[in-house]
Amino acid sequence: MTKLTDEVKKRRTFAIISHPDAGKTTITEQMLLFGGVIRSAGTVKARKSGHYATSDWMAIEKKRGISVTSSVMQFEYQGKRINILDTPGHQDFSEDTYRTLMAVDAAVMVIDSAKGIEPQTKKLFKVVKKRGIPIFTFMNKLDRDGREPLDLIAELEDLLGIEGVAMNWPIGMGKQLKGLYDIANNRVELYRKDDDDRYLPLDKNGKLAEDEPLAQDSLYQSTLDDIDLLKEAGNTFDKEKILKGDQTPVFFGSALTNFGVETFLDSFVNLAPAPQEHIVNGDEKLAADDPEFSGFVFKIQANMNPNHRDRIAFVRIGSGEFKKGIDVTLARTGKPVRLNNATEFMSSERVQVSDAVAGDIVGLYDTGNFQIGDSIYAGKKKIVYPALPQFTPEIFMRVTAKNVMKQKSFHKGMNQLVQEGAIQLYRGYSTDDYILGAVGQLQFEVFSFRMKNEYNSEVELHTLGNRVARWINPDQLDPKMSSSRNLLVKDRDGEPLFLFENAFAERWFKDKYPDVELTSRL
């Protein structure tokens with residue numbers, strides 16, 4: 001085994017997905033605690049105290065208590081190198097989340113045990129399932145009264161079509177929570193006990209010693225009944241199915257009280273896969289431990305350091321080893337680029353990195369070379385990773401600078417924020433209008449907030465409302481086709497498209513111009 005292969009096998013790169021408020025950021029914090037990265041976990045609820053979650057680093061995230069960008073955090077744990085991508089739960093930021101899911105080898109799905117599977121979780125699950133990567137489930141908020149565990153397991157199959165296999169089982173919940181029956185490790189983990197007293201061994205029949213006080217508790221007896229039912233009618237643990245994404249190991253716990261999180265993390269590190277091969281150049285397989293360095297840009301973030309007004313391109317290394325000063329080729333342009341400055345992350349904090357391997361996420365200081373979806377490679381052979389998803393916006397607004405004397409900062413801010421990919425920029429086809437398009441309303445609020453706070457440029461947004469965006473072949477375009485109901489604009493690449501007032505306006509256009517072909521993005 002080569003040193004590179006050995007290093008790659010230590011990597012565990014995963015994203016955490018959930019519906020807003022299911023506790024995703026809190027469980028991330030607890031993992032960082034176990035990784036020795038932070039001394040205390042700050043939950044979103046603590047925002048009045050000025051104590052914020054490590055992964056919520058942007059000013060607007062701290063102000064509103066929601067994650068709106070994907071954070072990257074890295075730490076060592078049990079001889080493994082952990083790379084966590086904490087994705088935004090808010091549905092308006094699904095673009096950032098979808099792209100992030102292209103850069104991971106596994107996903108952790110956090111579910112509120114009182115609510116079960118919620119719409120955003122379902123949406124994100126579909127993307128992960130499509131990729132065929134393993135999914136690990138953490139049923140959170142066991143410190144509150146919630147739904148029956150058997151119902152939660154059944155819901156995984158009913159709503160998501162994936163087998164759930166219980167790795168542990170609650171002994172009570174809410175105020176009556178006593179502990180977890182740890183099926184995988186044949187022990188009971190007691191709630192609110194210190195390390196030495198936390199675990200009670202089970203005998204070969206899966207039962208506590210009779211002199212244990214908990215053994216006489218009716219909640220424990222009820223749990224044993226559930227365990228018997230699981231053995232008879234539940235799914236059998238199958239690692240092969242897990243790695244294919246056909247079965248999900250299910251762990252119960254409470255991220256807020258840090259209960260069951262360590263057990264979950266230990267199991268995850270052992271079960272989750274190391275970086276896998278990628279399909280490149282259309283249909284070629286590229287091994288993660290291939291000696292030639294390559295990777296792809298899945299995210300661009302401006303102003304991670306507000307003092308320097310910088311831009312960072314986040315790169316998932318797909319193969320080989322990164323070394324400081326390495327010369328690579330940018331596949332899109334064929335131009336050589338020397339990678340002198342690379343960084344690793346703890347949210348907005350960063351550390352200079354001199355080497356990294358497949359599976360790692362590195363940040364490259366970007367002076368405008370990179371775009372989301374770019375492939376880079378160090379060898380002579382061109383390597384191009386699959387295109388990342390791009391979404392058709394649904395809401396559009398005209399944007400102007402409030403202060404006409406600040407056009408320079410207005411243009412700089414707008415261009416940098418657009419390059420991050422959460423909001424898209426269009427120009428009037430025969431006017432100088434700037435039009436922004438986004439998947440949801442919150443993206444405009446974030447844009448406006450960041451323009452003011454990061455670029456000192458207040459903007460005015462004039463709504464065009466919900467529009468149906470459809471691209472048109474330039475050869476078929478006649479500017480006279482445009483009207484107030486189907487606004488003609490061009491995208492960042494200069495490609496023409498119509499913004500239809502509604503589906504009816506689109507149908508009317510198609511009836512009038514039956515030979516014109518209109519296309520949409522994702």
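Cβ from N, Cα, C; glycine included.
Since we're looking at a predicted model, the values are computed, not measured.
Taken straight from Swiss-Prot:
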{"type": "BINDING", "residues": "18-25, 86-90, 140-143", "note": "GTP binding site"}
{"type": "DOMAIN", "residues": "9-276", "note": "domain 'tr-type G'"}
**Asked** For the binding-site residues listed here (Ser18, Asp21, Thr87, Leu142), which one has the lowest count of neighbouring CB atoms within 10 Å of its own CB?
**Response** Asp21
**Asked** What is the number of other Cβ atoms found within 10 Å of the Cβ of Lys24 (GTP binding site)?
**Response** 29
**Message:** Check the DSSP secondary structure of Ser18 (GTP binding site), expressed as helix, strand or coil.
**Reply:** strand
**Complete:** Over the domain 'tr-type G' (9-276) the mean pLDDT stands at 85
